[in-house]
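Student: Just dropping this structure here.
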Amino acid sequence: MALFKVWFSSLIATMYIFWVSTFSCLDLPLFLSGCLDMVAVEGQFTFTAERPQLNCAVFFIGEPSDIISIEYNSVNIDCRGGDFIKVFDGWVMKGEKFPSTQDHPLPLYERYSDYCETGVTRPIVRSSQNVAMLFFRLHQSGSSFTVTFRKLINPFPCNVVSQTPEGSFTMIIPQQHRNCSFSIIYPVEIQIGELSLGQHNDLKRSILGCAGSGDFVELLGGNGMDTSKMFPMADLCYSFNGPAQMKVGCDNTVVRMVSSGKFVNRVSFQYRLLGHQELQQMKGNSVEDVCLRA
Amino acid sequence: MKPVPLVLLITSVLLTTHVPLSTCRPRDLNLINNQLDDVLLNRAGDDAMSYLLLYLQRNLGAQKAADVLHLQHFSTPQLRSDNSLEELTEFSKRNDDPPISIDLTFHLLRNMIEMARIENQREQAELNRKYLDEVGK
């Protein structure tokens with residue numbers, strides 16, 4: 001009888017705590033004891049859960065001209081018990097995806113590959129660009145998995161996340177109907193050295209800007225990963241030589257090329273990090289609140 | 001009131017007021033299955049993220065910590081207002097979740113990339129040293 005009372009009291013206490021926690025949870029982060037990593041080196045990685053790990057993610061990033069290959073080597077998880085390992089073709093942060101759905105060849109649901117569904121028959125997953133990520137949840141301590149991460153060469157890199165706030169890149173879209181974005185997750189000054197759209201210089205800029213043109217380059221700025229939600233800072237739809245520069249004071253600066261497929265399009269650019277003083281100056285000069293531009 | 005249940009009730013009240021955030025895991029089976037002390041003591045994960053979060057929570061308060069880190073829950077059905085334990089267990093076990101996301105600030109992301117790059121360069125340097133040693137022989 002006493003034992004029953006103790007048990008019952010414990011149950012009441014647990015339920016009370018849970019009940020209280022649902023109220024105090026309303027606006028609070030739930031991602032508390034998650035596990036997080038970023039990997040840029042090739043190799044074999046093993047994760048073993050010492051205790052239940054419910055919200056884990058590993059980001060993979062390569063050089064701009066790499067694509068990522070993830071191979072499952074040995075997986076010891078309980079799929080039926082709710083464990084999962086999912087690879088996402090791209091990066092997703094705060095619900096925003098890179099590349100955006102407009103810039104990626106696959107529909108969204110095809111960009112997630114679930115080990116529990118296809119991992120055994122298809123043990124190697126390849127990304128379409130230099131970034132990929134892995135989400136996993138392991139309920140049992142002792143569950144583990146091993147993956148091999150490789151970087152493969154991509155001759156025509158389309159979507160890229162830059163590892164550095166400074167650098168240079170030449171993006172070539174060889175007669176393909178696609179959109180490509182080069183994302184620099186820093187406020188930078190971009191200097192476009194050369195832009196070649198089409199073989200002839202017959203693309204005219206209309207009064208309405210580049211909207212009607214099937215081939216153009218745009219500079220976007222924003223504070224998220226999704227390029228379709230970013231603000232256009234400038235657009236260019238005629239070929240030119242000689243530097244054109246622009247400062248974009250946003251957390252994410254993107255050079256995006258839209259290509260109709262009729263031509264070989266090429267854009268070369270350099271970028272450097274904006275200093276704190278420059279940003280302050282831009283803030284002082286700017287009336288708008290939508291990132292900063294100069 | 002009998003002493004044992006009273007003690008348990010008081011303990012639970014005291015513990016709840018100290019660690020409300022640690023129990024904020026509606027999708028966490030731990031909350032339901034494990035012991036009280038396990039729930040309360042094992043939240044401090046050994047990764048930078050949880051230490052950072054705990055530090056911020058203790059020093060800034062829960063809401064500010066959430067703002068600083070821009071942390072939100074996964075974009076999944078709202079379970080926080082749901083008190084049913086059975087539904088919770090079922091949801092946690094369900095495999096076909098909607099597309100998963102993670103919440104990070106760009107600041108954290110940049111730091112992580114920087115650390116990964118340093119690791120990459122270190123490995124490359126090691127490899128180069130090995131190659132040069134081989135060539136030298």
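For all residues, glycine too, the Cβ spot is worked out from N, Cα and C.
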Student: Name the cysteine that pairs with A:Cys250 in a disulphide bond per TrEMBL, restricting the answer to A:Cys158, A:Cys180, A:Cys291.
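Tutor: Disulfide mapping in TrEMBL sends A:Cys250 to A:Cys291.
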Student: What does DSSP say about A:Cys35 (disulfide bond): helix, strand or coil?
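Tutor: Looking at the DSSP assignment, A:Cys35 (disulfide bond) belongs to a strand.
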Student: Please compute the mean pLDDT of the model over the domain 'Corticotropin-releasing factor binding protein N-terminal' (A:34-151).
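Tutor: Here the predicted model's pLDDT, averaged over the domain 'Corticotropin-releasing factor binding protein N-terminal' (A:34-151), is 93.
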Student: Provide the three-state secondary structure of A:Cys116 (disulfide bond) computed with DSSP.
Tutor: helix
Student: Chain B proximity: which disulfide-bonded residues among A:Cys35, A:Cys79, A:Cys116, A:Cys158, A:Cys237, A:Cys250 have CB distances under 8 Å? Answer 'none' if there are none.
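Tutor: Cβ contacts with chain B under 8 Å: A:Cys35, A:Cys79, A:Cys116.
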Student: Reported as an integer number of Å, what is the Cα distance between A:Cys116 (disulfide bond) and A:Cys158 (disulfide bond)?
Tutor: 30
Student: Out of A:Cys56, A:Cys79, A:Cys180, point to the one nearest A:Cys237 (disulfide bond) in space (Cα versus Cα); all of them are disulfide-bonded residues in the record.
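Tutor: In terms of Cα distance, A:Cys237 (disulfide bond) lies closest to A:Cys180.
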Student: Taking only the Cα atoms, work out how far A:Cys210 (disulfide bond) lies from A:Cys35 (disulfide bond), in Å, as a whole number.
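Tutor: Distance (Cα to Cα, whole Å): 44 Å.
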